[in-house]
Amino acid sequence: MITKEVYEQIQKNKTHFLLFNSVVLFAFGAAFFPLVIPMTEGFSLYFFSIYIIVCFYVSSIYIGLYQKWIKVFISVLLINSAGLIGRVALEWGEYGISTYLTFPIVSSYILSVPFFVTVLYVMIKKVQHNKRQLDTSNGFG
């Protein structure tokens with residue numbers, strides 16, 4: 001969990017943290033496309049674990065940036081899609097990427113990453129809210 005002081009820094013420097021999240025999502029969306037999709041030839045549990053950790057940090061930063069989950073979902077959807085489009089544009093015509101460019105694989109990747117980040121966002125926000133209520137009810141807040 002990120003502390004209250006870090007969220008205050010995020011509130012002060014929203015553009016920097018939004019740029020950081022955008023670059024991370026764009027880069028990881030492009031680099032990890034075939035590596036994090038289970039049931040495909042290029043799947044790697046190592047890269048999948050790294051991607052889960054990255055999604056956790058990204059969703060933690062989004063808590064300081066946005067109050068509504070729909071903004072998180074839409075921004076992750078757009079940035080992740082842009083990263084995937086960039087990867088496809090760079091490798092256009094290569095056989096390695098063309099095996100993964102089927103509608104089910106691309107659509108599941110484009111929708112699963114924003115869904116996962118949004119679910120993490122909601123869960124972390126809920127835990128923080130419950131912790132805050134518990135602290136204030138015990139007289140510690």
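Don't overthink the numbers, they just go from 1 along the chain as shown.
The backbone N, Cα and C atoms fix where each Cβ goes, and this holds for glycine too.
Automated prediction, rather than curation, is the source of TrEMBL annotations.
Tertiary proximity for the transmembrane segment (17-37) is limited to same-chain residues at least six positions away from its ends with a CB under 8 Å from its CB atoms, namely 10, 43-44, 47-48, 50-51, 54, 57-58, 61-62, 64-65, 75-76, 79-84, 86-87, 90, 96-97, 100, 105, 108-109, 113. The transmembrane segment feature in TrEMBL is assigned to 17-37 (among others).
For 43-65 (among others), the entry in TrEMBL reads transmembrane segment.
Taken from TrEMBL, the feature transmembrane segment applies to 72-90 (among others).
The transmembrane segment annotation in TrEMBL covers 102-124 (among others). Residues of the same chain lying 6 or more positions beyond the ends of the transmembrane segment (102-124) and with a Cβ under 8 Å from any Cβ of it are 1, 29, 33, 36-37, 40, 55-56, 58-60, 62-63, 69, 72-74, 76-77, 80-81, 84.
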Intrachain residues whose Cβ lies under 8 Å of the transmembrane segment (43-65), provided they are six or more past its termini: 1-2, 6-7, 10-11, 14, 17-18, 20-21, 24-25, 28, 32, 34-37, 72, 75-76, 113, 116-118, 120-121, 124-125, 128
